[in-house]
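Sequence annotations record features per position, and here Swiss-Prot assigns Mn(2+) 1 binding site to His41, Asp108, Glu119, Ile120. If you look up Swiss-Prot, you'll see Glu80, Asp108 marked as Mn(2+) 2 binding site. Residues annotated as motif 'Nuclear localization signal 1 (NLS1)' in Swiss-Prot: 124-139. What Swiss-Prot lists as motif 'Nuclear localization signal 2 (NLS2)' is 184-247.
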Amino acid sequence: MEDFVRQCFNPMIVELAEKAMKEYGEDLKIETNKFAAICTHLEVCFMYSDFHFINEQGESIIVEPEDPNALLKHRFEIIEGRDRTMAWTVVNSICNTTGAEKPKFLPDLYDYKENRFIEIGVTRREVHIYYLEKANKIKSEKTHIHIFSFTGEEMATKADYTLDEESRARIKTRLFTIRQEMASRGLWDSFRQSERGEETIEERFEITGTMRRLADQSLPPNFSCLENFRAYVDGFEPNGYIEGKLSQMSKEVNARIEPFLKTTPRPIRLPDGPPCSQRSKFLLMDALKLSIEDPSHEGEGIPLYDAIKCMRTFFGWKEPYVVKPHEKGINPNYLLSWKQVLAELQDIENEEKIPRTKNMKKTSQLKWALGENMAPEKVDFDDCKDISDLKQYDSDEPELRSLSSWIQNEFNKACELTDSIWIELDEIGEDVAPIEHIASMRRNYFTAEVSHCRATEYIMKGVYINTALLNASCAAMDDFQLIPMISKCRTKEGRRKTNLYGFIIKGRSHLRNDTDVVNFVSMEFSLTDPRLEPHKWEKYCVLEIGDMLLRSAIGQVSRPMFLYVRTNGTSKIKMKWGMEMRRCLLQSLQQIESMIEAESSVKEKDMTKEFFENRSETWPIGESPKGVEEGSIGKVCRTLLAKSVFNSLYASPQLEGFSAESRKLLLIVQALRDNLEPGTFDLGGLYEAIEECLINDPWVLLNASWFNSFLTHALR
C-alpha cells in the first residue's frame, strides 16, 4: 500500500500526510491504510479549492491553471494540511477579519464567498452514516459538511453542494480512479474495511460486554483485570525499571539511575591557559571603513573601481611600520605585502583604463605569506609502502586557552544599532490570503528591528567576501588576485553608501574537493590599537599606516590608523556557507515567530502587532552573572540574530560538539524546573563529553560561561 500511495499521489501531498501522521505519533509503515486515507482526503480538499477564485465584483469564478490572473483572491482558504498551531492561527485570523464563529474542531476549508467553514469527508462506507457521525462530532450548524464516497455518492448540509457540477464530477472521477487502481493491486478490500468511525474522546468511558472481556484477556501476565492494570499504569514509577532492562542487555552494562536534584549539577569547568585569540575570517567590532556616499563614479559597482574611489577619500597615509609583530611570522614580509598593494594600486591609477580585476606580482613576500610551494610533496602510497618506519607525522595537541572578555564585548557590539541600513528585502507582490498578510507583517516588523543592527552588517560583509573569494578561486586559480573587501548600505536619509574595509590577496586555488583549502592574506583597516589587548591579536601582524582626523566633542582629533594583516585559509564548503549567511535572518525570525505563536495561541488571536508595538513589555534575553537579562522585543530580535551570526562566523567542531552535548544537560535541568523528577546515569560522562569540546575557541568558551550562569539562576 505504501508504494501505491507514493506512486499515486503528488509528492507534496505525500509529504504533508507523513508530517500529519508523525504529529499524531502514528507509524505510516504500519498504518498504511490510514496513510492512504489521509492522502486521499488532502487531495480532495485541494481539488475542492482548485481553480475557484473571487473577482473584483465579489463573484465566484473558475479560472484554468494557464490563465495569467494569478493575483485573483482564492475563493477557499485551505486549512487542512497545515500543522495544528499554524492551522489555528489561520482559523483565528479568519474569525477576527470576517466575524465568523470560531469552530470547536479544526475544519478543512473556509469559503470566502459563502462565509463559512467547510468540513470535507471522504468515506468508504454509506455517505449518510458518515455524514451523521461528522454532524454529531462537530455539533455546529455554522460549519458546512460535504461528504464524498468512492462510489460516486455525495451528501452535503441542506443539500447545498457549494461547487458546480463539473468541479464535483472531477473529484468523484478521481476517487473512482483511486478505487480502481487499489482494486487492481488487491488493496481495496483491506482499505475499505479499515475505515473507523469518527472518534470522540471521552474521559474514562466505560467498556462493557465483549470489548470488556477482550480487554481483560489481552492484559500482560500478572494482571487479572483491566482496573488492576490501570491502577498500575497510573502509579507507575520508572525508577528501577530502566536499570532492570539495561541489566538484561549485557553483563557489561551497569547503570544506576540517580535522581537529578537541584544540588546535583556542578558548573562546567572552563580551561585554564593564556587568553583565547580572535579567529574570525574578518575583523568585526574593530573594523574601519573608508566610505563614499552616493557613488556615481565611472565603473561604479566594479569592486576594484569602488575600492580605488574609497582609498582616495583618505589623505593621511604615512610610511607604514610594524607596531605589533606576529610571534611566529616573518613580519617584514607582511610590511612588504602592504607596500606592494599600495604600489600596484598606484600603477593602476596611472593607467589609461582601470582593469576590472588585479592580479598581484608573485613576489617573494607574497609567496611566503600565501604558502606557495610550502605544501609537503604528495607521494603515491604504492611507491613507499615498503619503507619500514613510515608513519603519520606527529601533530601537537591544541593548547588550552581561557575565556577572555573581548569575545563578550564583540557579542555586545554585534547586538547594537548602527547608523546605516544593511538589508532591503525585495517586494514580493500583494498578499492574497490571511496567512500571507500575517507573514508579511511579521517580516516587516522583524526587518525594522534588525536592518540597522551590526550583526546584519556582518552578514552582508560575510556574504560579499565569501562570494568574491569563491568567484576568484574558480576564475583565476593560479593568480594572486587582489580582492577588495566591500559592503553596501544606505544612510538613515536613504543615500547609498559603498564601504571599503581592506583587501584580500588570494593564493593558488585548485579546489577539487569541498574541503580543499585556498590560502589568503587579509589586510584590514582599524582604529583599534593592538597593544591594548595583544592576546586577542596573536595571529596578526599589525602595522601603523596613517593618521585619521576624527570629529569629536572637543573638535578634530588625530588618531593613528592601523592595518591588521594575517595569513588565513578557507575551503569551498566554508565559502558556500559563508555566501548563505542571510539564512541567519531566517533562523532568528523563526525563533521570534515561535514566541508570537505561543502568545497568539494563549490569546486565541494573532498577537503580532501587540508583540512588536507594546514597548513597555520586556522579554528575557539571556543569563549573565547578575541574573536574567531582559530587554525590548527589538533587543531580543537583535540578540537572537547576533547569536545566529556568531554561530556562522565561529563555526567549528568544538561548537558542534558543545551544542549537542550541553543540550542534553539543558533538557535535564529543564525537566527538573518543570517538576518532572528526572533521573540520570553517567552524568560524569556527560560532563566529560561537554568539557572535551572546551579547548581554545572563544565563542564556545563564552557559551559555556553563559551556560554556567544559566545553571546558577535556574537551580536557585
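In case you wondered, yes, glycine gets a Cβ from its N, Cα and C as well.
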How many whole Å apart are the CA atoms of His41 (Mn(2+) 1 binding site) and Glu80 (Mn(2+) 2 binding site)?
9
Do any residues of this chain, six or more beyond the ends of the motif 'Nuclear localization signal 1 (NLS1)' (124-139), have a C-beta under 8 angstroms from a C-beta of it, and if so which?
103-105, 145, 147-150, 153-155, 191-192, 195, 197-198, 200
What mean pLDDT does the predicted model reach across the motif 'Nuclear localization signal 2 (NLS2)' (184-247)?
70
What does the structure give for the C-alpha distance between Glu80 (Mn(2+) 2 binding site) and Glu119 (Mn(2+) 1 binding site)? Integer Å is fine.
10
In sequence order, what residues of the same chain, 6+ apart, have a Cβ less than 8 Å from the Cβ of Glu119 (Mn(2+) 1 binding site)?
Phe105, Pro107, Asp108, Lys134, Ile138, Thr143, His144, Ile145, His146
Using DSSP and three states only, what is Ile120 (Mn(2+) 1 binding site)?
strand
Around the Mn(2+) 1 site recorded as His41, Asp108, Glu119, Ile120, what other same-chain residues have a C-beta within 8 angstroms of the site's C-beta center?
Val44, Cys45, Glu80, Pro107, Leu109, Ile118, Gly121, Val122, His146
Around Glu80 (Mn(2+) 2 binding site), how many other CB atoms lie within 10 A of its CB?
22
Starting from the Cβ of Asp108 (Mn(2+) 1 binding site), draw a 10 Å sphere and report how many other Cβ atoms land inside it.
23
I'd like the Cβ neighbour count for Ile120 (Mn(2+) 1 binding site), meaning other Cβ atoms within 10 Å of its Cβ, all protein chains included.
22
